[in-house]
Structure formats: structure tokens, C-alpha cells
């Protein structure tokens, strides 16, 4: 067992610490920002750009994930893991020092380039260093750290925002990252691949990587701009969509015909379960990330909650995610068979119902209804968040386990980025339309729609009108999310009953892995 006293077991424990710190960094960074977003929007008078705080990070982290996986095969896990950490810390430092929303978004994009390496590298390293008998213990450590950081993230974000500055939501990454680097350098023992630097550079799929990055950018920009900055039928939006389709086609062609070590082996999609898992995970990501960003804004704007209080109010959503992720992973790894499909489809069905209940939120909603809806939403999402990765691993041969796990994470994150862009556009369009009726251009209060604090400072009658407009825009987001989550539940039904030992040939056991984001 870990920590049993032997030198080997102690080394395993220290390696687990190094990986757990990286997981902590990545997980904390995604949840700690949620409760700081309203204050950031107010400070920079940029409420309509707030979705890009999440989109910028997701965009670069998504596009970089396949690159990190291949780079680790070519250059070694440890150097690439350290590089990812350094890039992430540089971006976090820039976020904390940002003097405008544009600078903050750019720095979030840089942080995402590094953060995108944490999940695939941790999963690959665990497969490399953990003996079969201890992979479950490694997974338990990773799961506990993920749950802990998910819970304290919103609270820390609220405390920093209320009692210090929201900038510490980013600065906090620096000391943790420094410890991660020290532990990795001195304690994480990994083999280095052979070959010259020239040989290693020759194995990199540069063209495929550029095509993936270009596809992500040209897809997400028009999704966010359409209906907000530009009309959906504007030449720029249409042109970007066309370019995205062309880049996706080019990527698939390059991977099929030219790539020696393809980022995404297309043969994997000959399996029905793999197709269902990837499509379902994309829809899951769409439905999952929007509540994380917009529920705190609802509590702070409509209810007048502080950033700290809104973090506490988010706990009924966050805690069930952590609990059900562990429960579903444990059961599916032990039972296999139909349990994958049951947790995936059942979880998304429960989330669909919860999203419907959230459309009942209003200025005077009973707290019991809010808590019940968030518990159901968190339990549903938690049932699927790691099960999709486990189902993917059970659907392929052992040599493809790392690829399908990274592909599942890629699908979830790109879905989340698309979802945030679409939901942000829906929210902004609905809010702008409602405010134009209640706050004409001659209003002496200026552009209050860009600042939560300015809205709360309005006279009671006008403030109530703004609150109603905000609630209507908030509801419109969930009218879009309901069919997305429902469709994900239907898609996951296509996942075949899977053996827990399938995909684990050559003596490999399938490990219980939290599919972090």
C-alpha cells in the first residue's frame, strides 16, 4: 500500500503528490474564478465580455491537449509536464496583473496553453508509473484532490474577491505551482525516450496541430460574435464558419493520409460506443460549464450576495459532482456491463430535469427549490463526468486507452467552449433587448448593463426592471441547455454494455480515473 514504509511504496506516494498538485492547480483554477467574475466584470465595465474569461482558457487548453500527449511520447513525460506547468504559471501571473479585460483574456489564453497539459499528462504518467495493484489508490488520491479543490475553489474566489482582490484568484497558482515544479524535478522518476532531438522533432505532427488550433479559433469566434457583435448572416461570421469546416476537413485528411503519428487515429470511430461517447461528451461539456459561470452571477446580481456567499450557495451543485464522480467510477470499474450506460444516460436525464427546475429561479424563489435543483444538477453531472472516460477506455484496446481518454476530455472541453460562447450570446442578446425597453439611451445611469454594482445602485423601480431583465436572460440560457442535456442522455444510450476488463489487455487493469477539465 501507499505509505506502507518500503522505499518503493514511499516513492509511489511522492509521485502521487506531484501529480495531485497538478490536478489541484487545474481544478482550482476552473472553479476559483467563477465567484470572482462579477467583480472582474464590474472593475473593467465589461459584463458582455465575461464569457471570454472561460472561453479563452478552454480554447487554448483544448487545442493544446493533443499536442501535449504526442510531445510526451516524443520528448518524455517529465520535461513536457514541467513545460506545461511553467506556461500555466506565466499565464496566471499575467492574469493577476491584468489592467484591462483584453489583457486578462489574453493571459487566460496563455494559461490555458499550459493547463491543457495537466489532464492528459497526469493520466498518461499514472499509467506509466503505477503498478496494477496500486492504480486504484492513485485514482483515489486524484479523486480526493479534485473533490477538495472543486469545493474550496468558489469559496477561495469569494474570500479573495470580498476581502482582498480578485487578482489573488490567479496569484494563488504561483506558490502551488512552484511546489509542483520542485516535487516533479526532484521526486518524479520517469524514463526518458531515446533518440536525437532532430529525430524527435521529426515525429511531431505540426500540420495537424495547427489545423486543430485553427479549427477551434474559427469555430468559436463566430459562435460568440454571431447575434452580438455581428449578425448571424454577416459575411465575417459566415466566412469563419466556412473556414472552420475547411480546416476540420483538412485535419481529418492529414490525419488519415499523412500523419505518421496522428493526433486522432480515425480508426477509433469505427466503434459505435466511441462515437457515442465523443458526441455525448461534447454535449455534456456544453451543458456542464455554463451553470458554473452564470449561477454565481445570478446570486450576486439578483440576490445581492457577496462573492463569498455566492461561492457557498454554489456548494449544493459542486459537492454532489465530487461525490457522484467517485461513486459512479467505483461501481463501473467493479461491475462494468450496463452500469456505464446507466450512469451516463441516467445522469444526463437527471440533469435535464434539474435544468428545467432552474428556469423557475426568480427574484423571490424559495431557497429550498434552488438547493434541490442544484443538488440534482450536480448529482447528474457527477454521474457522467468520469464515467465517459471509463467507458471510452473499456471500448478500445489498451494501446489506445490514453488516446481515447484525451479525446473524451477534448470533446468535453470543446463542447464547454462552444456552450459558453452560445450561452453568452443568448444571455447578452436577451439582456440587451430587455434593457432597451427599461433603460433608454437617455437614462442618466449610463451603461449599467456592464456593471453588477451599478445595477444594484439604481433607484428601486428601475433596479427591479433590470432584475427582471436579468432573470429573463438567465432563463433563456437554460431553455437552450435543456434540449442539449436531453440529447446527450439519448446519445449515451448508444454506448454498448462494456466489460470492465475490455480494453485492458496484456494484463492491464482499467483504472478509475477522474476525467478532469
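Cβ atoms are placed via backbone N, Cα and C, with glycine included.
The transmembrane segment annotation in TrEMBL covers 12-37 (among others).
The feature domain 'Major facilitator superfamily (MFS) profile' is assigned by TrEMBL to 15-500.
The transmembrane segment annotation in TrEMBL covers 49-68 (among others).
As annotated by TrEMBL, transmembrane segment applies to 105-126 (among others). Among residues of the same chain six or more beyond the transmembrane segment (105-126), those with a C-beta under 8 A of the stretch's C-beta atoms are 15, 19, 22-23, 25-26, 29, 49, 52-53, 56-65, 68-69, 72, 77, 80-81, 83-95, 98, 135, 138-139, 142, 170, 188, 190, 402, 405-406, 409, 511, 513, 515-517.
Per TrEMBL, transmembrane segment is recorded for 138-156 (among others).
Outside the transmembrane segment (168-188) by six or more residues, the chain places 11, 14-15, 17-19, 21-22, 24-25, 28-29, 32-33, 36, 78, 81-82, 85-86, 88-89, 92-93, 95-96, 111, 125, 156-157, 160-161 with a CB less than 8 A from a CB of the stretch. As annotated by TrEMBL, transmembrane segment applies to 168-188 (among others).
Per TrEMBL, transmembrane segment is recorded for 209-230 (among others). Within its own chain, the transmembrane segment (209-230) is flanked in space by residues 48, 51-52, 55, 59, 62-63, 66-67, 236-238, 240-241, 243-244, 247-248, 250-251, 254, 263, 414, 417-418, 421-422, 424-425, 428-429, which lie at least six positions past its ends and keep a Cβ under 8 Å from the stretch.
Residues or ranges marked as transmembrane segment by TrEMBL: 236-254 (among others).
Sequence-distant contacts of the transmembrane segment (274-294) (same chain, six or more residues past either end, CB-CB distance under 8 Å): 30-31, 34, 37, 50-51, 53-54, 58, 268, 314, 317, 344, 348, 351, 355, 358, 377, 381, 384-385, 388, 391-392, 395-396, 404, 407-408, 411-420, 422-423, 427, 474, 477, 481, 484-485, 487-488, 491-495, 517. For 274-294 (among others), the entry in TrEMBL reads transmembrane segment.
What TrEMBL lists as transmembrane segment is 314-331 (among others).
Per TrEMBL, the feature transmembrane segment maps to 343-362 (among others).
The list of residues near the transmembrane segment (368-389) in space but at least 6 beyond its ends in sequence, with Cβ under 8 angstroms from a Cβ of it, reads 277, 280-281, 284, 287-288, 291, 295, 313-314, 316-325, 327-329, 332, 340, 343-344, 346-355, 357-358, 360-361, 405, 408-409, 412, 492, 512-515, 517. The annotation transmembrane segment is assigned in TrEMBL to 368-389 (among others).
Annotated transmembrane segment per TrEMBL: 476-495 (among others), in sequence order. Beyond the transmembrane segment (476-495), the same-chain residues lying 6 or more positions past its ends with a Cβ under 8 Å from any Cβ of the stretch are 272-273, 275-277, 279-280, 283-284, 286-287, 290-291, 294, 340-341, 344-349, 351-352, 355-356, 358-359, 384, 388, 391, 395, 419, 422-423, 426-427, 430.
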Model confidence over the domain 'Major facilitator superfamily (MFS) profile' (15-500), averaged pLDDT: 82
